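Single-structure report; data block below.
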Amino acid sequence: MTVKCNKCKEEINKEDLEKNYYICPLCGKLNRMPAKNRLQMLTEKFDVMFNDQEFTDPIDFPSYKEKYESAREKSGETEGVVCGRGTIGGNDTCIFIMEPNFMMGSMGTVVGDRITALFEYATKNRLPVIGYTVSGGARMQEGALSLMQMAKVSAAAKRHSDAGLLYVVCTTDPTMGGATASFAMLGDIIISEPGAMIGFAGKRVVEQVTGEVLPDNFQSAEFQLKNGFIDDIVPRQEQRAYLANILAIHAETVSA
């Protein structure tokens, strides 16, 4: 089976792409990585948690059920985020990874419930949280309830922080909308993948509202790093070692 690179549009053997961390061997483009593959890249072991919430359609949005079922089939996941507990470099941690193939990781009530529950579990068990974001923002099919997830998850992250515990975020392409306006930017350390798009509204919308002409790359990870919005850009194949080092330092601090 072959897949098409999002940048060079060349057909690539899917197995080869997976082995190369979804990085195109022809042009170097970082293609969007499913949550399960990212977990395989990062962890030695991982136990899924908070995976039992049922589908809800709170405002009876037309065709939402059909789109939801299609997203489940396409992604192989039950929702737009996978949460659980695992080890990275032998360090025990809680992890959430958003799923790009499930409605582009959009935030609905189940996504908010899962991430909130993970933070609460991590706070109770005094564990750090590693979060990978990829999101188009709030899920419009759930109306105002999707926007409420921003405050709910942010409050849980704040309680985790108040307990003196570590939260590291890796923003991946794209991290936009309500995710950027809440938990994606609350990490003690915020890293990103090369070339990731990070922002709230799209470039065209911002230009229309402000009346200004903006640089083409103003929402790129490189622009954000240059202007102090994130802390580091880490190549995908180096992230496991990078996070393991941070977790090891934090473990020494907590136990001291």
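Using N, Cα and C of the backbone, Cβ positions are placed for all residues, glycine too.
Keep in mind that this is a model prediction, so the values were computed, not measured.
Here is what Swiss-Prot says about this protein:
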| type | residues | note |
| --- | --- | --- |
| DOMAIN | 1-256 | domain 'CoA carboxyltransferase N-terminal' |
| BINDING | C5, C8, C24, C27 | Zn(2+) binding site |
| ZN_FING | 5-27 | zinc finger |
Taking the recorded Zn(2+) site as C5, C8, C24, C27, identify the other residues of that chain whose CB atom sits within 8 Å of the mean position of the site's CB atoms, giving them in sequence order.
N6, K7, K9, E10, I12, P25, L26, G28, K29, N31
C5 (Zn(2+) binding site), number of other Cβ atoms within 10 Å:
19
Give the residue from the binding-site residues C8, C24, C27 that has the most other Cβ atoms within 10 Å of its Cβ, counting over every protein chain displayed.
C24
Report the mean pLDDT of the predicted model across the zinc finger (5-27), rounded to a whole number.
92
